[in-house]
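Before any comments, here is the structure.
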Amino acid sequence: MYPVNLKLSIKFLFYFFLYFLLIIIIYGVYLYFKINQVIHGKIWKFPISIYSRIVTLEPGNNYSKKDIIAILKSNRYKQVNFLTMPGEFLVKRNSLILIRRSFNFPEGFEDKISIKLLFDKNKLVRIVHLSNNRNFSILRLDPQLIAMIYSPKGEKRLFVSQKNYPKALIQTLLTIEDKCFYNHYGINFYSMFRAFFVNLISGHSIQGGSTLTQQLVKNLFLTNIRSLWRKINEIYMALILDFQYSKEKILELYLNEVYLGQDKNEQIRGFALASLYYFGRPINELRLDECALLVGMVKGASLYNPWNNPVLTLNRRNLVLYVLFKHKVINRTLYEKLKSKPLNIQSRGNIIWFRSAFVQIVEKEFQKKVGYYFQNFSGIKIFTTLDLISQIAAENAIRHGIQQLKKKYKLQDLEASMVIIDRFSGEIRGVLGSSNPNLLGYNRAIQAKRSIGSLSKPITYLAALSQPEYFRLNTWIPDTPIKIKMQNGKLWKPQNNNFEFVGKVMLIDALKNSMNVPIVHLSMKLGLKKIVQTWIQLGLSSNHIFKYPSIALGSINLTSMEVAKIFQVISSGGNKANIISIRSVLSENNKLIYHSFPQSKQVISAQASYLTLYAMQSVVSSGTAKHLGKFFKNMHLAGKTGTTNNLVDSWFVGIDGRQVVIVWIGRDNNKTTKCYGSTGAMKIYHNYLKLNNPKPLLLIPPRDVYFLNINKSGDFMCFRSYSKYFRAIPVWIRNHNIFCT
């Protein structure tokens, strides 16, 4: 017989054990449902991903081999000697061969594909599918991720399924972090006890014993506060997670959840996004040494940051490679080869994460077209009109140009904005709202209304040339002193820049030399009503326009974007296009939410637009922008300089065969820039063209426009004898013989 006290003790322990077991079971059920709710629900809320434009190649289109190489490089394709994986291309004499990446386009998913692009006289003539030698009529190139915004909980990530991760990355990860991943049940007791004793002997934590499953539990379900209770929860939840889900599912979650760095105040989560962040390429295109770098960062992404601590990171990567060698994952030859490689990360400045000015425009358009704020969505993909080549060229042109001007004029507060749009479709190809491309806040491209100066002159000439029975390019305009009584009773006496008068000047020469007095005479003859009507036809709201004679000289305040809209119409034969930044929007599950279609409307006669644009070409060839014309002789560029009183604003509008570009330079305090349009804004445009090769602006005369010879006096000369004073000008007439009677 046992003593009574002993029986009671055994009974007490028995019931205590039962209650304890019951509590563990109940708590386990609670954890089970908690895990289940997260895993089977929406594990993550994703940020909004914004992509550059999707370039579509077609035989016969305007892309040269050089253009396509530039596009591929801007989309982070790698030029190689031998093709091995998607995202690579090689160059041959009259062809390009590439492996186009798989991508979920708005029109649907397209798998990776090997393509040969054939050129004749530097023009794309054939697109050949290499696997079956079939011709393609079109080829879409995958776009570049340019921004991720509205990151829930301050976490950025791109979800990639486990099957799309390279085997080299997974093998490296398991070798370094959890060799027994496929053999344990969520926890590895041997590793835990080993780490416990190592840390106990050293007196501080130097080794971890957590499995990938435990690390995942910590990231998904637990706080960062270290405690015994957290460790108990971690072990229990790891066992439940391992019991409930397959190893592949757990691995997939880990690959997309692990912390791998910081982008300002937002966390970089998952290997897929880290690959873009550090290397600028998708995860499936990384080499083994690059995979080793990312796996090495798992131990401490801040400590092993390749930008902040490159030497430490290199040593850590090489240690990972050494472990792979010791475990016979790689041989000595490969180990020696890989450890000698540099880190190969992209420079921090090349991370295209946030084009703030452009993203502001995208957000505004999204709200207008879709009817909701960005914050209401998770994981949507927005495909924009942004051309990376143009945008990066603009950023570099502004950055270097403003730096030179600041130094030259000793003005440290010079600011700038730049707008680039497609002259036909109206799609925005690039935007800068500041001299610092990545500066958040005030977007001068769409918020800063500034006096446009002489940029208004082409609109007055357009109004005149719309009346061919009264005005032609060879029409003489007075250049004599003029006094105009203003509404306040004061007399306005406009002057030319050189304070001289020549008596009279032909319309085309008045425009190309940006003369002030002739255009005032012209505007008085036209009437302010006609000029205002032309501005409104071009798309400007009547609220912007004050009916004063000085409107002819630019006493009108507009943003760079509003100026771009005006000159888009003139550059496209009088067709007003919708200025857009968004092509398509996909939902989180890749359903099409929104798609834009190019639309335009004829608002100005094609003939008057042609004549105005032709005159603007003379500005570049022999007028106020002739220095630009010297560098781009065969491009037939059109342009117009703009300068406001006291050199407060410096403007330039440049037009080539594909783009309208507006550049503004000024100071936020409205003090002088010391720059004319030709010495400030035009210099920026010049830099831009050097970085982004222009296309020739080849104008085709519309119906009823003919080229006729005129002499020095502006008279039409119908005989064919040669004279150095002859020049041909386009004339809008229905019967050209009328001038030769």
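Glycine residues also receive a Cβ, built from the backbone N, Cα and C atoms like all the rest.
Owing to the predicted nature of the structure, the values given are computational and were not obtained by experimental measurement.
What Swiss-Prot records for 1-12 is topological domain 'Cytoplasmic'.
The topological domain 'Extracellular' annotation in Swiss-Prot covers 34-741, and the record cites sequence analysis as its basis.
If you look up Swiss-Prot, you'll see 139-311 marked as region 'Transglycosylase'.
A 10 Å cutoff on Cβ-Cβ distances gives E177 (active site, proton donor) a total of 18 other Cβ atoms nearby, all chains included. Taken from Swiss-Prot, the feature active site, proton donor covers E177, and the record attributes it to similarity to another entry.
Taken from Swiss-Prot, the feature region 'Transpeptidase' covers 395-687.
Among the features that Swiss-Prot reports, active site, acyl-ester intermediate is placed at S454, with the record citing similarity to another entry. Counting only residues at least six positions away in the same chain, the Cβ atoms of S514, L553, G554, K640, T641, G642, T643, W651, G677 sit under 8 Å from the Cβ of S454 (active site, acyl-ester intermediate).
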Assigned conformation of S454 (active site, acyl-ester intermediate) - DSSP reduced to three states: helix
